[in-house]
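As structure tokens, the structure follows; a few thoughts come after it.
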């Protein structure tokens, strides 16, 4: 797969992806809030051409476009990690490994599947934080 995200750095990747997505969505919401606050006084055409800099509008459109695919990618990785308990590599290549198959039935199983809350803690590396607080 030539994937650079692997065993020990996956939770760093998920953290960066999640918090980057949150920051992107917050920026976009604040920008839209700024525009819609002035929307009552001016027409949308006047706002977009006279009041706000074209670079602001360009950045807003770019942010909206990127927010869509980044949110989808974040959702995909969080669903894999929290609900299924696997990384992307394990999901795509799990059929190759014997520990992903039940010896009795031959069906695909996941030895890393825990409760969803524990998967969430492990995904964000919070088990380490909880052990430091004890």
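Cβ from N, Cα, C; glycine included.
Residues or ranges marked as domain 'Palmitoyltransferase DHHC' by TrEMBL: 1-92. If you average pLDDT over the domain 'Palmitoyltransferase DHHC' (1-92) in this model, you get 83.
Sequence annotations record features per position, and here TrEMBL assigns transmembrane segment to 12-35 (among others).
The feature transmembrane segment is assigned by TrEMBL to 55-88 (among others).
Beyond the ends of the transmembrane segment (12-35), by six or more residues, the same chain brings 5, 47, 52, 56, 59-60, 63-64, 66-67, 70-71, 73-74, 77-78, 81, 123-125 to within a C-beta distance below 8 angstroms of the stretch.
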